[in-house]
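Here's the structure we're looking at; comments come further down.
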Amino acid sequence: MAKVKTTFFCQNCGTQYAKWQGQCNACKEWNTIVEEVIQKPEKSDWKSPTSTVKKASVPLRIKDIDVSKEPRLNAFDDEFNRVLGGGIVPGSLTLLGGEPGIGKSTLLLQISLKLPYKTLYVSGEESQKQIKMRAERINPENNHCYILTETKTQNIFKQIEVLEPDIVIIDSIQTLHSDYIESSSGSISQIKECTTELIKFAKETATPVLLIGHITKDGNIAGPKILEHMVDTVLQFEGDRNHVFRILRANKNRFGSTNELGIYEMQGSGLREVTNPSEILISKKDEELSGNAVAATLEGMRPLMIEVQALVSTAVYGTPQRSATGFNAKRLNMLLAVLEKRAGFRLGAKDVFLNITGGITVDDPAIDLAVVAAILSSNEDMALQKDFCFAAEVGLSGEIRPVQRVEQRILEAEKLGFSTIFVSKYNKISLKNSAIKIQMISKIEDLVGFVV
Ligand code: TYD
Ligand code: MG
């Protein structure tokens, strides 16, 4: 009997080894190296030998390649189209990653139900009945969407040859397995092989393929990094599962910018596109409450007004607590130190809690000034004026630093009816006769005069 050929792969980064070892040399992770059976495929192809689909590729001079012939497919979802850079590119492979339960299957099923093209939704995770039940909540009337529950790639391609769909969706890449490789589904060599087959299929037939990928605890797409290198576009679906907002962003995009962002709201009947996020993220209260401040942030290319809430109270225990939701806790500590040193606030014996409303995470430094204003307001127990908003970074010496694309932020604040926006003195602004008052400040002490 022929000896079974095996090799060792790091399950974290995909590096191959001839023998087992405890730590991966490449990514330095421990206990990630696993033995996998490999068998060189005689013919690693998506087509069966009798296939009639044959579109051999020939070299073309670059100027002769016609790009206009292949317009992008409209996904009939403005947020999704925008993140992809204007629609789905024929023949492209898109990977959608996200935590379990965040709504990946819902998003792609919803898109396949909206498309007027023939769509094949392949699920290795749920039965046809389960998918049908979900589809009924979203959009029960669609005659172009086919559901297949299958995990073997060879069987999937057999069905594809019969059906000839315009777009293929795979839920998820970790459940697929190919006959050419003997190791179990979800292992590095299976993921690599299945993705290679799908890429071949997509490029040869110009059919776009959307893949769902699971992510690990630390937020990486489970499986090798190579998977992210192989596909054309990597999308990340994120949000707090206990909140309704979901953010779709592109981490890699061969056909467009990675600055775009899509926002959805999870509802009983699927995901709703949020076209004017700012209006939803700021609560419209009549009462003025202390500890609330609004920041004019940018998420990707979109301006987004976000509400920051702070609570400062006397510490009950010896060590004061500092906690931040949706904001970097280290940055919060830094801002507290700046307030203590530069503005003379004794916050050392106080608990400080900070929350970005809506369950979203912000890493735009322009939120700093709003965080500082919210903390000051809560500390003094005095509400800020409701129609104030902030857009500036705070430096270590208490200086108010300029932020990028400040004019776009000002225009958004003006549109939403804010009366005053606080920005850095060092921002160059050439806006003429705007209705909003632009308050320029240079030091944190300047802010203190306005808010407390
Ligand atoms: P799902 O798409 O199954 O997540 P994933 O594929 O990323 O693991 O989404 C599951 C969650 O979405 C589930 O907790 C229920 C919720 N949901 C709604 O709130 N409304 C809906 O219409 C649907 C279909 C799901
Ligand atoms: Mg799912």
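Counting starts with 1 at the first residue shown.
Using the three backbone atoms N, Cα and C, a Cβ is placed for every residue, glycine included.
For the recorded site, SER105 (ATP binding site), the DSSP three-state label reads helix. The 10 Å shell around the Cβ of SER105 (ATP binding site) contains 22 further Cβ atoms across the protein chains shown. What TrEMBL records for GLY98, GLU99, PRO100, GLY101, ILE102, GLY103, LYS104, SER105 is ATP binding site.
The domain 'RecA family profile 1' annotation in TrEMBL covers 69-215. According to DSSP, the domain 'RecA family profile 1' (69-215) comprises 61 helix, 32 strand, 54 coil.
Look at TrEMBL and you will find 351-452 tagged as region 'Lon-protease-like'.
The motif 'RadA KNRFG motif' feature in TrEMBL is assigned to 252-256. The average per-residue pLDDT of the prediction over the motif 'RadA KNRFG motif' (252-256) is 89, rounded to a whole number.
Of the listed binding-site residues, namely GLY98, GLY101, ILE102, GLY103, the sparsest CB environment within 10 A is found at GLY101. Sparsest Cβ environment among the binding-site residues PRO100, LYS104 (other Cβ atoms counted within 10 Å): PRO100.
For ligand 2, the nearby binding-site residues are SER105; that is, of GLU99, PRO100, SER105, these have a C-beta under 6 Å from one of its atoms. Closeness to ligand 1 is met by ILE102, SER105, these being the binding-site residues among GLU99, ILE102, SER105 whose Cβ falls under 6 Å from the molecule. When the region 'Lon-protease-like' (351-452) is classified with DSSP, helix, strand and coil residues number 37 helix, 26 strand, 39 coil. Report note: the ATP site is defined by GLY98, GLU99, PRO100, GLY101, ILE102, GLY103, LYS104, SER105, and the residues of the same chain whose CB lies within 8 Å of the CB centroid of those residues, excluding them, are THR106, PHE237. Under a cutoff of 8 A between CB atoms, and with a sequence separation of 6+ in the same chain, the neighbours of GLU99 (ATP binding site) are ILE215, GLU238, ARG241.
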